[in-house]
Amino acid sequence: MPGHVKLGKSGEPDPDPLPYLVVSMDMKRADMLKPYDPKKSYWVPDGQGGFKDGILENDDGTKATLMLGHEKKVFKSSEIGQVNPPKFERCEDMANLTFLNDASVFHNLKIRYTAKLIYTYSGLFCIVVNPYKRFPIYTPTVVKVYLGKRRNEVPPHLWAITETAYRNMLQNSKDQSMLITGESGAGKTENTKKVISYLAMVASSGKKSAKKVSLEDQIVATNPIMESYGNAKTSRNDNSSRFGKFIRIHFTGSGKLAGCDIESYLLEKSRITQQQEVERSYHIFYQLLQPFVPDMKAKCELSDDIYDYSYVSQGKTTVASIDDNEELEYTDNAFDILGFSESEKWDCFKLTAAVMTMGEIKFKQKGRDDQAEPDDLTFPNKVATLFGCSCDELMKSFCKPKIKVGTEWVTKGQTCEQSINAVGGIARSTFDRLFKWLIIKCNETLIDPTMKKNHFVAVLDIAGFEIFEYNGFEQISINFVNEKLQQFFNHHMFVVEQEEYISEGIDWAMVDFGMDLAACIIMFEKPMGIWAILEEESLFPKATDKTFEDKLKAQHLGKSAPFAKPHSKTDKNAHFAIIHYAGIVSYNVTAWLEKNKDPVNDTVVDVLKRASNELLVYLWRDHPGQSNPPEETGGKKKKKGGGAKTVSSVYLVQLNDLMNTLHSTEPHFIRCIVPNTHKQPGMVEPPLIMHQLTCNGVLEGIRICMRGFPNRMLYPDFKSRYQILGQEEINKAKDNKSGAYGLLDKVGFSREKYRLGHTKVFFRAGALAQLEEERDTIVLKLVRWMQGQCYGFIRRKDYRKRADQRDLLKVIQRNFRKYMQLRNWGWFIIIQKTRPLIGQVNIEEELRLLEERANEAYGAYQEQLDTKAKLEEESVRIKQEAKDLLKQIESEQGNLSEYTERQAKASAQKADLEVQLHEAGNLLAQMEQERQNATSDKKLLEQENQVIKKDIEDLELAILKLEQEKTNRDHNIRSLNDEIASQDEVINKLNKEKKHLSENNSKASDDLQSAEDKVSHLTNIKTKLEQTLDELEDSLQREKRSRADIEKQRRKVEGDLRITQESVGELERSKRELENTIARKEKEISTYAAKLEDEQGGVGKITKSIKETQARVEELEEELEAERQARAKAERQRSDLARELEELGERLNEAGGATSAQIELNKKREAEVQKLRKDLEEAHIQQEATMTNLKRKHQDAIAEMSEQIEQLSKMKSKIEKDKNQISHEITDVRAATDEINRARASAEKANKNLQQTLNDTNKKVEEANLTLSDFENSKRKLAAENSDLLRQVQELDNNANMLQKMRIQLASQLEEARRSADDEAKERQSLLGKYKNLEHELDGMRYQLDEETGHKDDVARQLAKASQEADMWRQKYEIDGMAKAEDLEMSKMKLQARLTEAQSTIENLNAKLGQLDKAKNTLQSEIDEMAVQTDQAHILNNQMEKKAKQFDRIVAEWKHKVDGLSMDLDTSIKECRNASSELFRIKSAYEESVSQLDEVRKENKNLSTEIKDIMDQISEGGRSIHEIDKIRKRLEAEKMELQAALEEAEGALEQEENKVLRAQLELTQVRQEIERRIAEKEEEFHNTRKNFQKAIDGMQSALEQESKGKAEAQRMKKKLEADVAELEVALEHANAANMESQKTIKKYHEQIRQAQSRLEEEQRAKEVARDHLIAADRRAHAMQNALEEARTLLEQADRARRLAEQELSDTNEQLSDLTCQNQAIAGAKRKLESEMQTLSGDLDEMSSEARMSEEKAKKAMVDAARLADELRCEQELAQALERDRKLLDCQVKEMQQRLDEAENNALKGGKKAMNKMETRIRELESEMDAENRRLGDAGKNLRKSERRIKELSYAAEEDRKNHERMQGLIDQLQGKIRSYKKQIEEAEEIAALNLAKFRQAQGQLAESEERADLNEQALAKYKAKERAASLAPM
């Protein structure tokens, strides 16, 4: 969040935070230059939620006319606000603004935010605006800035508040709290982290050990766990905390960190089971599917696809800004850091996975009933496994929970919807309990028991006030919390303010501003308030949302002022509205009761409490569940003693505890703001920000602040700024107060606008602007006077100059006239001729001077001899150093052994890989052997299967024989049926064995298939690797040839691309400007339309406001009258006290002139008086606090007594209850009639007022229409002017863009020059020390070194001078560095080496591109192979379906046989049925009557139990007596009706019993006759029916088994598809491994080639060094020869000349040789370093890309520093060479003078030699210039090549990113294909289920028709028999 920045490395300095904390001087100057009129500058609304500044023309109190640019507009006077003076621009504390209005607050926040200042104070608030960008304001440097500082000493920052809290805790020994609120995405959690990190850095305990994790790390480690389980993606924030948390950070007495604990509030449980489209659930669900923990999915029974889990895949499943795999790593490490055991961690993961999986528990309807039953048991089995319980028991508890009816337990059938809701309730409750357990565990680990906890600093991170389009139960909960927090802030703010007023001695009456919000809070918390009604309705079983709404409206609408009717534009179905401090919010009560109850299935809870998962049992330990009576073992529901805890009751208890904690602490307030909804840095949306300022209470705090004295200044600051208004009064004043009074009275400043304290001056809101205006007028006069003086001085100086010129012109003219007169006069001509002879040279004097110069030249010659001796000594030392350098080179060459060791390691790794390949081959052979064994087992199983089939056929033949014998032998039916049953049992056993064998067979085939797939996969990989190796070798050759052509084409294309990009940019810029102008015009049109609509809609708003306020006016009039009387009394007392105070002041002033001793005594007494006053004030405050506590306790006692009285009154008799009820109703009716009459009168008054206002508004509308027409005319005029101005602005913008481009190009050239110079300097750094020692004795070296280091520091501090200094360095380098002639050859070699390296990198990049293309082709081929495999899987599926159809055919045949047997059975039992049908009818009638009696009894019993339950619930719910009496009467009436029905049923039952007895007597005779015949038939019938029933059951079981087999086939199909997906994943991994292996092979080859090239380069460098050594020896001998030749006296002049030439050449050669050696050695070292860096870069790239990027950054920083140092050293070297050259030139000149003198005096023949010497010097200088030019050209070519290399690397990086993007698209397409396949399969399954249901329904219909026919036949026969029996006796 706000400006989080990654810390640099340990060696890197932190970036400068001041631009992000402090307003710069440039900003202040720009603000002071803004146009401002202290009387006419006003803010006006712009119609879009923001504000514009305009110039006020007139204001009549109701309407104000302002000029906005060139337009006049009219606004209401209440809508405009004054603009603050420029002094207050970007004010750090908005409470200091002189005009505290909404527009000024918004403007100050906006301009600070656009200036990258995200922190601003507003009184006690610290407002934080989310920057959506990382600012360097949280580094250790910033910690040092704020450590130990007060809030007013440092810029606004969150850490300033934190430091204040920490210091107050230590100094005052009082607990501190920090309240951080704001909307989602505002940065609350990030600010909380920053507070904790600051406290951890400042107050770390220092107890750190290697084994135990430090407490600071544990505190920081809680963040990953809390964020994983409590944070989710919302529409505004990708990482939004969905719970409130209260973090207490404990400290010891010395301020060291002692521990931490966390409390959570209002976790959003509904997100667990449902999310919106743009949101997603908690992060932990998505982390569980990541691959960081390898065995996570196996242990947690999870699949790879998130869309398998509907609970967490309803919205987004991925977040771009969050890496779930990385977050899983952090979460897993956090569990370890916090000390969780392995079992606890895995139980936590399992429960989380179970909650996620519970969304896939599905139910289906059982038959025609509404009863639910489990559908697919795959996911329920997983859930039961994770919970550690039985799946059947769990699903039974969901479908048929047990409830208690009276004293008995019965099972209650659940519908599918009820069961799904029960599953969701268990999931939500489990996750909620798990989250709370995590917080408890974190608290246990975060508390250090060894340290004493004295005090704490608490951080409250909770959501701010919410006004959404739909506001429900969650919104009213969080809004009530913010209402309480705002009341707490109001109370605290003005307690602090008023304490300051009293301490400063200001006359002020104490006001409790916290009572402003009391009405709304009392409405929530009173006995029949909103929370109490919600509790009551939640406990009442038949309550609905409608009854809850009616009760709320009946209790509060019209009675409670904050309760209003709904008027929401976004939610038309809202039920009521509440007037909060932040606005009116309309709420919808839908599902509030259900959310408040949060019910769970107690039967399921009992199952969970018996689970084997220890953590699950622990989480549900406090739930009562259902008891276990001794006589029963199943889970039963137990009656709760005190009623269930609702969500609101727990929430209110937590809220009260929180408020008590906050009241006991010293609070600090932070408000977080979301600037825009697009997450764009620097962009603001005015309506969004103003809405948040309102909801956060910032504007409320400013409103309260305006009622006091918000602006205050210390006396020194006041005098320093406003002393100019009254200098004399300030100087003459005895003290600060009298001086301030004199000054303010002088300027006519009203004393009502300010108060003078002991140390400060307090001003009311807007008062400072008048003072600023007075000051500005005087300053303006002084500035104008100063300008006049300066202008006069300049003009007078110019006048004097012109006057002097005029006088001089006269002199010139006079002289010229005299010359013209005298030019032909003879004497004038003689004077002109003789004038040059004056002062002619004396020859003797010249000769004397020449002799002196000759002597000086001879002295210089002697000095040269001395310097020659010194140089010889230095040459000896140089030889020694050369030997040392050779040794160093040899030692550095010894480092080649390391490279050989690395090569040996690489070969060892290669050998290990070959061994692994061999092992893989062995494993492949082993798998092949296992496959062969499996095929042999398969053959054996097939043989056994054939034997079983033969046995089944034999059994079928035996069954046919038995059926034939049955028709012939009826008396053997019983025995044959028994045999058939036994044979069926055998068949069932055999079928089971067959099924088992088929399962084994399928598993074996699966294993065989997987082994074959692995074999084929490995062979494919092998062939692909061989192909890729060949292709790489071919592509290497091709790419080398095509590289040169591609290079040329790329240069051309890049040039064209730059030109086109510039043209496109200009076109886009012009397009944007045109679009902006069009949008601006459209906005102006829309604002005019909106203003017209606002004027029209004003009437409706005014009527509503009048209606709402008219009811309150009458109540407030009385309070107003009382307040006026009290205020009059207070004013009289205040005036008396002021008069007395003035008299005392006069007396004190009179007595003040006594003595100094008396003054000191008076000061002491005043101090004592102040102490006594403070003590008295503290005593008053304590007394008030005790009084409030006593009042609160008294009120609590009264409330308890009233509750007891109410309970006693409920226990009175029914007569008294009725009487009280009637009296209440009478009083209510009377009150209602009074209210109606009152309302009628008020409505009539309001109607009259409204008619008047309506007429006024109509007039205003007409005036507005006229002004609109005027505005339109002026708009047309302005449009033409605006177009011209826009054209000019566009031209200026184009010029500015061109200048910007030029500046960017120059900056890039500067960076390139700097980079190239730094590269060269880095390579020579190691040898500079030695080279400095060689020139250490030169005089000016140290001074120049210090000067250059100073230049470096100036470059770092002053970036503006960088270009000039770079140019200076470049010129020095081009002028002075040309002396190194042989350096060009080395630079050419370096350039060639770098060019070859660049070519190799280009080849590598092209080769990688080719590899990527080939990899893409291979992937395509593998996809085709996978498609073939899927086709094979479909073929197998079709075969299984054919087998299933064949089995259905066999079942149909068996059914046909059964139908034949049933027909035979029907023919055999017709006679028996005719005989026993009458008996069955009578029995059925008897049974029906008995069942009716049982049902009536059960209903009676159920009703009685329901009556008992209702009575219990009524007693628990606390309903009113009147309602209970009504319910009792209604229930008694129902009871009487039920008793009457029961008596009627009993009478009918007795009649039926009599009928039955008579029928039994009649039937006894019939039975005796036919009983003998029926007995045998009946027994045979029962036996046959039993046997055939068994046969049918067997067939049905076989059918079910076949259906299960079909389901198993479907499962195998899914499994095959899953295997296909796994194979695809494995294929991708294999491809990745293949690519990595190719990269490593390539790297090894490259390393070998580089090592060989380095070896050759080292050998060449060694040979060059030897040549240099020989040359140095040669030069030493030459110098010795020159010394011997110089000693000869015969040819002294010639030898002197030769010696001079020899010395000059020797020094030049020596310098060139040394520079060559330096460059050669530096080049070798640079190459070695570059090789080491490339090797380390390769290793880092293999380990991690992140580490590589960090190493590159670090390397770049080090290179920059090193190159800067080397550039400085190179400059020093060049300057030293320049000085040497100048010194040699001086020596040459001296030698020339000596030679001239010697030639003149002695030989006079050396002129030719000197000329030769001079020509030689000129030639050397020309060669030196040429070599310098070549060196510059070489440097330019080097920079060009490096630039080219960077461009190529960037292009390669772009190609790699494009390939990764294409790979991601391929993965997405594959995922879509898989999802489509799943949808097709699900559709097929649904179609099959529907077809099966249709067939089942057809079968049931046919059976029912058959049964109906049989019943009709039996009825007809029975009727015929009765008729025959009735005719027989006659």
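The count begins at 1 with the first shown residue.
Here the Cβ of each residue, glycine as well, is placed from N, Cα and C on the backbone.
Fair warning: this is a prediction, and the values are worked out from it, not measured in the lab.
Lifted from TrEMBL, the feature list:
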- GLY182, GLU183, SER184, GLY185, ALA186, GLY187, LYS188, THR189: ATP binding site (BINDING)
- 1486-1921: coiled coil (COILED)
- 89-776: domain 'Myosin motor' (DOMAIN)
- 622-643: region 'Disordered' (REGION)
- 655-677: region 'Actin-binding' (REGION)
- 995-1015: region 'Disordered' (REGION)
Helix, strand and coil totals (DSSP H, G, I; E, B; other) for the region 'Disordered' (995-1015): 21 helix, 0 strand, 0 coil
Surrounding CB atoms that lie within 10 Å of the CB of GLY185 (ATP binding site), all protein chains: 20
Which same-chain residues, if any, lie at least 6 apart from LYS188 (ATP binding site) yet have Cβ under 8 Å of it: ILE180, THR181, GLY182, SER241, ASP461, ILE462, ALA463, CYS672
For the region 'Actin-binding' (655-677), the number of residues DSSP places in helix, strand and coil: 9 helix, 8 strand, 6 coil
Cβ-centroid neighbourhood (8 Å) of the ATP site, GLY182, GLU183, SER184, GLY185, ALA186, GLY187, LYS188, THR189 excluded: ASN130, ASN237, SER240, ALA463, GLY464, CYS672, VAL674
Fewest other C-beta atoms within 10 angstroms, as judged across SER184, THR189, which are the binding-site residues: SER184
Local confidence of the coiled coil (1486-1921) - pLDDT mean: 75
Which same-chain residues, if any, lie at least 6 apart from ALA186 (ATP binding site) yet have Cβ under 8 Å of it: VAL128, ASN130, GLY464, CYS672, ILE673, VAL674, GLN692
